[in-house]
Structure formats: C-alpha cells, structure tokens
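Colleague: Pulled from TrEMBL, these are the listed features:
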type     : residues : note
DOMAIN   : 2-314    : domain 'Acetyl xylan esterase'
BINDING  : Y92      : substrate binding site
ACT_SITE : S180     : active site, nucleophile
ACT_SITE : D269     : active site, charge relay system
ACT_SITE : H298     : active site, charge relay system
Amino acid sequence: MPGVDGSVRELEAYQSHVTLPDDFDSFWESKLEALRDVPLSIERIRLDSYIRNVMVEQIKYQSLEGILHHATYISPSDLDESLPVVVMYHGYDWNTHEPHIAMKYVVQGMGVLLVETRDQGMVADQMISYPMGGASGWMTKGIFNKEGYYYTNVILDSLRALDVALELSGSRSAIVEGGSQGGGIGLGVSALHPKVKLALIDIPFLCDIPRGVELAVRGPYLEISHYFKVHDPLHQQEKAIYDTLRYIDGINFARRITCPVMVGVGLLDEVCPPSTAYALYRELGGEKELRVYPEYAHGLSSWHEEEKLKFVSNYI
C-alpha cells in the first residue's frame with residue numbers, strides 16, 4: 001500500500017540530504033558544559049493519586065539561565081532502582097497531565113518522568129521571550145540564532161530532565177520514549193546523554209526537516225512554510241533558517257546514537273511524512289527495529305504499545 005509520499009520500496013530507498021555542520025559536536029559539547037554547571041534545584045510536591053501504591057509528584061527543576069521547568073513523576077511503592085527510569089516527552093502543544101500513560105512501566109517497578117516542554121504546558125513560572133518569531137507556534141522562535149533557538153533550548157531542558165529522573169529514581173540508566181515532537185526530542189537526548197539505555201521513537205517530528213516542510217499538509221512544519229509565505233516569499237532567508245535547523249535535526253542526532261532504538265511510523269502520516277522516519281531509520285547505526293503501520297497516520301495502532309513493551313523486555 002503506498003504511503004502519502006511513496007511506496008514502501010521508494011521509502012526504503014529514500015535518503016535524506018540533511019548535512020552535518022562542521023561544528024555540530026563542538027556546538028553541543030559547549031552547551032552541555034554550560035548545562036553541567038547549573039544545579040538541578042529539584043522541588044517535589046506530592047499530588048493526589050487515585051491508584052493504590054503509586055505516588056504522583058509535581059517536579060520543578062532548573063535549566064539554563066535559571067529557568068524553572070516542570071514535570072510529573074510517577075513511581076510505584078516497590079520502585080526497583082536496578083531498572084532504568086523512563087523519561088517521556090510529549091507531542092507538540094500537549095502536556096503531562098495524564099499519569100495513566102506511565103502505568104505500563106510503573107507496574108514493572110520503574111519510575112516514570114513526564115516532561116513538560118518549555119512554554120507549551122499549562123503550568124509555568126516563566127515564559128521565555130525570543131528575538132525572532134513571525135509565525136504562530138514555536139518553530140520559528142529564535143530561528144536565526146542556533147545558540148538561542150527554541151528547540152536548542154528544548155533539547156537542553158530535556159537533557160536536564162533526564163538528569164532529574166536519574167536523581168529521583170536512583171536508577172543508573174534511562175529509557176527515552178516520545179512521539180511526534182517527543183520523538184524528535186528523544187533523538188536529541190539519546191544522542192547527547194550517555195545514560196540512555198533504549199529509545200522508543202514514534203512518528204518523529206524534527207527529522208529531515210526540509211523534507212517535512214516540503215511535504216507536510218498539516219501540523220507544525222507548516223509554520224516554516226507560513227513564515228516564508230508571509231515574511232520571506234522569495235526565500236532569501238531559506239539557507240539561514242535551514243542552517244539553524246541542522247543543529248536540531250534528528251537525522252544528525254541519529255548518526256550519533258549508539259543505544260538500541262525502535263521507530264514506529266504510519267504510512268498515511270500527513271504531519272510527519274513517513275519518508276522522514278525512514279530516512280531517520282537509515283541513519284541509525286546501532287541496534288534498531290522498525291514498525292510500519294500502512295493504514296495509520298499521525299497516531300499508531302494500540303498494538304504498537306505491545307510492540308514497544310516487547311522491545312523493552314529484551315533489554316531489562
């Protein structure tokens with residue numbers, strides 16, 4: 001069955017044209033060095049839990065520039081510190097207010113941290129300003145400055161969240177899980193944090209971004225298209241924009257991931273075109289598995305949850 005951007009044979013043959021910046025590694029190492037100097041400053045507030053033997057907490061922690069971020073931590077009464085902690089990153093313009101999604105791991109004795117993405121949640125101590133916007137949403141915030149670009153900061157916040165999860169749980173390693181935006185974030189974290197044991201990446205956003213912008217018919221890639229339409233109809237700033245985006249593109253992160261990865265893709269996805277997920281999968285150099293759902297779009301079959309649990313069981 002053909003997908004929205006080609007047959008399976010065509011998807012398998014497709015290769016991204018995203019290139020690696022010469023200073024990619026040094027750029028991220030300098031960011032990580034700055035992040036290591038920031039204390040976690042963890043605050044824990046216990047919340048009401050309607051599930052016996054499960055504790056739910058609101059977590060505050062500090063990232064770069066002293067900005068406080070939020071997460072929800074769910075842990076069982078019989079927490080097993082020998083198991084990895086699970087860190088889950090949510091989709092675009094979503095939240096962490098559904099602790100039940102963590103239960104598939106909590107029943108196994110693992111702690112789970114649901115991470116808020118900066119500016120996207122309902123709870124925030126500070127909203128962050130950016131020198132450049134121009135379109136609705138977050139894709140173009142700071143787009144001409146790789147140092148202060150919105151998703152550069154999101155990746156750093158998300159790395160900090162994994163440190164918080166390790167501290168809260170006492171675990172020595174982590175499983176990263178995310179879909180759509182969360183999948184793109186998960187790729188960055190898996191490439192840059194040495195304690196990621198496994199990554200579960202579904203319908204990933206922020207992968208092969210130029211291809212996504214070209215083919216997506218709905219969703220946040222259209223913010224880039226809208227920027228060009230309204231502010232740069234001759235695309236005179238196109239190179240500068242895509243130069244920034246190369247630093248957070250999952251294609252470039254994939255080339256540095258060493259942990260096992262499972263990728264899930266729907267062939268009818270009009271938000272994150274399936275060819276971008278295939279391009280990601282091609283670039284992964286370690287152990288990897290791909291699950292393809294021909295009749296699904298930007299949201300996969302519930303069977304995929306079983307596939308992910310089976311994948312995890314092979315490594316814990």
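Cβ atoms here come from the backbone N, Cα and C positions, even for glycine.
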Colleague: Where does D269 (active site, charge relay system) sit by DSSP, helix, strand or coil?
Modeller: coil
Colleague: Where does H298 (active site, charge relay system) sit in the DSSP three-state scheme?
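Modeller: H298 (active site, charge relay system) sits in coil per DSSP, no helix or strand.
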Colleague: Note the mean pLDDT of the domain 'Acetyl xylan esterase' (2-314), expressed as a whole number.
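Modeller: Mean per-residue confidence for the domain 'Acetyl xylan esterase' (2-314): 94 out of 100.
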Colleague: Between H298 (active site, charge relay system) and D269 (active site, charge relay system), what is the CA-CA distance rounded to a whole number of Å?
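Modeller: Pair distance, Cα basis, whole Å: 5 Å.
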Colleague: Distance between Y92 (substrate binding site) and the residue listed as 'active site, nucleophile' at the Cα atoms, whole Å?
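Modeller: Spelling it out, the Cα of Y92 (substrate binding site) and the Cα of the residue listed as 'active site, nucleophile' are 7 Å apart.
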Colleague: Across all the protein chains here, work out how many other Cβ atoms are within 10 Å of the Cβ of Y92 (substrate binding site).
Modeller: 20
Colleague: Run through the Cβ atoms and count how many others sit within 10 Å of the one on the residue listed as 'active site, nucleophile'.
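Modeller: The residue listed as 'active site, nucleophile': 25 neighbouring Cβ atoms within 10 Å.
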Colleague: Based on DSSP, name the secondary structure state of Y92 (substrate binding site): helix, strand or coil.
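Modeller: DSSP call for Y92 (substrate binding site): coil, neither helix nor strand.
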Colleague: Among all protein chains shown, how many Cβ atoms are found within 10 Å of the Cβ of H298 (active site, charge relay system), not counting that one?
Modeller: 20
Colleague: Give the distance between the Cα atoms of D269 (active site, charge relay system) and the residue listed as 'active site, nucleophile', rounded to the nearest whole Å.
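Modeller: The residue listed as 'active site, nucleophile' has its Cα 11 Å from the Cα of D269 (active site, charge relay system).
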